[in-house]
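Here TrEMBL flags A:95-286 as domain 'ABC transmembrane type-1'. What TrEMBL lists as region 'Disordered' is A:1-29. What TrEMBL records for A:33-56, A:99-121, A:133-154, A:166-186, A:207-229, A:265-286 is transmembrane segment.
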Amino acid sequence: MSHDTLPRPTKTRQPTSLPTPAGRRRRHWTKRANPVAGLGSFLWLIIVIVPIYAMLSASLTSADKALTGNPLKPPTDPTLDNYNTVLTSGFGHLLSNTAIVAVSVVGIVLVLSIPLAYVAVRTRDRWSNAAFRLFLLGVAIPAQAVVVPLYLLIAKLNLYDTLLAVILPTAAFAMPVSVLVLVGTLRDVSEDLYEAMALDGASPLRVLFQLTIPLAKGGISTVVIYAALQAWNGFLFPLIFTQSDEPRVLTLGLFNYVSQFGVNIPALLASVVLSGIPIFAVYLVARRALVGGLMGVGGK
Amino acid sequence: MTAVVEKRPPGERPTTKAKASSIGRPHAAWALPGVLFFTFFAVVPMALAVYLSFTSWDGLGDPRPVGLDNWQKLLDDPRMTQSLWLTVVLTVASWAFQTVVALLLGVWAAGRQRNRAILSAIFFVPFLLSSTAIAILFYALLDPNFGIIQKDTLGSQSGAFLAIVFVGGWQFIPFHTLIYQGGARQIPEVLYQAAAIDGAGPYRQFFSITLPQLRHTITTSTVLMVVGSLTYFETVLILTKGGPGTDTAILPYLMYEAGFKTYDFGYASAIASFLVIAATGLSLVLVRLTGFGSMRSTREGM
């Protein structure tokens, strides 16, 4: 978010009142090589890369060869058969269901959270404070703990085994963090801008659309990605609120592949790779927004 | 603001103080749809979970009140005791593993060299896979016939436990590294310069400046880890199914089994209520011990 654009104290040259030893660079972190830290980060790199490499390599190995070889060895004659197996067993349906859930969740979260954050920042009366506090506490509500009563609610609403049964609770549980992120961003908008627009007689609605939303783009894109990730990765709600093939989403499909493909581990891994590709594509495009937005969470 | 408003030509707008300060401000009612939605799908179910814990319900028909039966059962259930202990140990072990690695990586990655930026980008990749995908990946890689380690890791108690701690770390350390990276970048450079003048080496600087300065970041990250450790449910369900035996059946898994395997929703709700009470209590203790509450004010302009 804003951290990347803020002027860093490191970049301002210190006045002579604070002399620094000759030849010392201004940034402590690039000052000198730290071999221990470098070694540690290299070790972690291996821990991150080896499983990913093993997954890619195994997914390209034919099923009958897989059991004889070690997944760390590169495949001798790579094949796309496993990907074919997965793609022809209803993967597209899972993908489109998941996309519907993700888009709907993002839509609901934005429509509900933006006015909320706007009120929390601009209208500091008792009620908007209470609303904000509800979401502050809401961060701590584990989805696990409410899944049984939600099951009852979903059944009573006649939504069991539909995509809506996944969409609505997922959106609700993505709201607390979204509201916090948006409130954080909106607080950075200068009070003067609001006053200027208010003096011009702009209605709150116009202020929201012409000032708040354009200036909160960073926070909004963080929320979009966060909510989409929640929807994309959600497992518990689909597991418990759906049953048939029709509303099945990607994570649940993967879970079913475990029993469906049984010992065909290469096909299983191909399905994992395929499930990661869409989100990885988004990551490549929106890395700055994602990383920048999440980095602000622990600051201060 | 009030001063400005008083300059208005009289009569153009009501100039009472209350009105003046509310010009151009949205009404609190704008928050209502979001509050109602969240209340219905998160707060009401929480209250309902407590209610259901005093009933007997098999998922069909209506819940039947049974008083304290489920809670009595909860206290007497040896699996509950084991599960609670397991959840605590798993949370603590995961916290220690993830905090140490994420803190070191985050502080290191706060540098601005090119290779660090590239490495940080690679480090982040595991976070992009879903818990389900990651659990399946390690389920395959830990397979005794197929996997990297040709041993039945998941078949032994300590192996299964360590696998869950490791897989959780593999997935979530990237995220926490990012948080620490953000925190470390906000430490004023002047502190390091002053320390260097006083002759403090890099390790002394780390323990005397970096760690204390990151205390709020550590708190945020810890709270997220503790709440997040409840989401290990997927990992347990796919990787070990609570086994071997019941050796990795953490509380959410126990609740899932009680509810959706044996259809004892009353008992499942008692476990769920216990989970909420424990999580809330833990958050409050953390807030007290670490001054998270005071962070609210410094969150201004987060």
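Placement of Cβ uses the backbone N, Cα and C atoms for every residue, glycine included.
Below 8 angstroms of C-beta separation, residues 1-2, 101, 104-105, 108-109, 112-114, 116-118, 120-122, 132, 135-136, 138-139, 141, 143, 150, 154, 159, 212, 216, 218-220, 222-223, 226-227, 230-231, 234, 237-238, 241-242, 247, 249, 293, 296-297 of the same chain, each at least six residues beyond the ends of the transmembrane segment (A:166-186), sit close to that stretch. The list of residues near the transmembrane segment (A:265-286) in space but at least 6 beyond its ends in sequence, with Cβ under 8 angstroms from a Cβ of it, reads 55-56, 58-63, 66, 82-83, 85-87, 91, 95, 221, 225, 228-229, 232, 250-251, 253-254, 257-258. For the transmembrane segment (A:207-229), the partner stretch with the most Cβ pairs below 8 Å, chosen from A:33-56, A:99-121, A:133-154, is A:99-121.
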